[in-house]
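See below for the structure under consideration.
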Amino acid sequence: MTDDLRISDPARTREIMAQYHLRPKKSLGQNFLTNGRVLQDIVDAAELTKQDAVIEIGPGIGALTEYLAQAAGHVTAFELDQRLLPVLADTLHDYTNIDIVHQDILAATPAQLSALAPELNIVANLPYYVTTPILMHFLESGLPIRRMVMMMQKEVADRITAAPGGKEYGSLSIAVQIRTKARIAMTVSHTAFNPPPKVDSAVVVFDFLTEPLVPAADQAYFNQVVTASFAQRRKTIMNNLLNWYGKTPAHRAILTAAFSQAGVAPTARAETVSIAEFIVLSKKLSEQK
């Protein structure tokens, strides 16, 4: 037996999977981390203390959960796969500061989550297929979140942290960056997982701004402007917004004035427009509603 080894040790992971006849579900994007150094780096990036409460999404067999429990005061782990509940009860039985919740994190209400602690930390090795919905769920939740540390597909991490001017920059970059300071803490090889995914991953750290760059009351309209601007990336921002806003001479005049006030060339493509420019553009257009 290898009970003296960490859950993430490759030999221990194989033993647990054999004992419970586990096969990771592709439909749930299950890839279990088996690299202790990566797990420790994730926890270090979260900068946790024994006064901190952590929400973990998708604990799997408990590899990251174990590290979190040793660093934080309390861990609440949301697991969707019922097969893993007895596994987690076994692998984490020595820890008294862990609660396993059998629930889809997207079904958890803000009231339910905010009751866990006055300030939350969220740490997760996210399934690739649901990364963006989970990320936006928390960004738009209004929860008292101090920091999020999330493992995700490297390609998505690049989009989230992108600056204007590149092909990675888009509506997701802006949605994240109006609410947080996001940075890639590390890139993780696909070989760190069992089974290994086809692509590499990255760990992104999100520090929430004291106030979002766009007030909550204005975010819905701002999102519409940004989404419309990127509707067809090869088109100019003027053409994209005409398709959304309206094509009459009056609409064109309003758009032209808004572009001038925002300092944006109508011939520019959306990927070159900064967040500050989008904020002014959206504000000027909303004033004409």
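Placed from the backbone N, Cα and C atoms, the Cβ positions cover glycine too.
All TrEMBL annotations are machine predictions without curation.
The model shown is predicted, which means the values in this text are computed figures rather than measured ones.
Between the candidates Asn125, Asn223, Asn239, TrEMBL assigns the S-adenosyl-L-methionine site shared with Asn31, Leu33, Gly58, Glu79, Asp104 to Asn125. Using a 10 Å radius centred on the Cβ of Glu79 (S-adenosyl-L-methionine binding site) and all shown protein chains, the other Cβ atoms total 25.
When Cβ neighbours within 10 Å are tallied across all protein chains shown, the highest count among the binding-site residues Asn31, Gly58, Asn125 belongs to Asn125.
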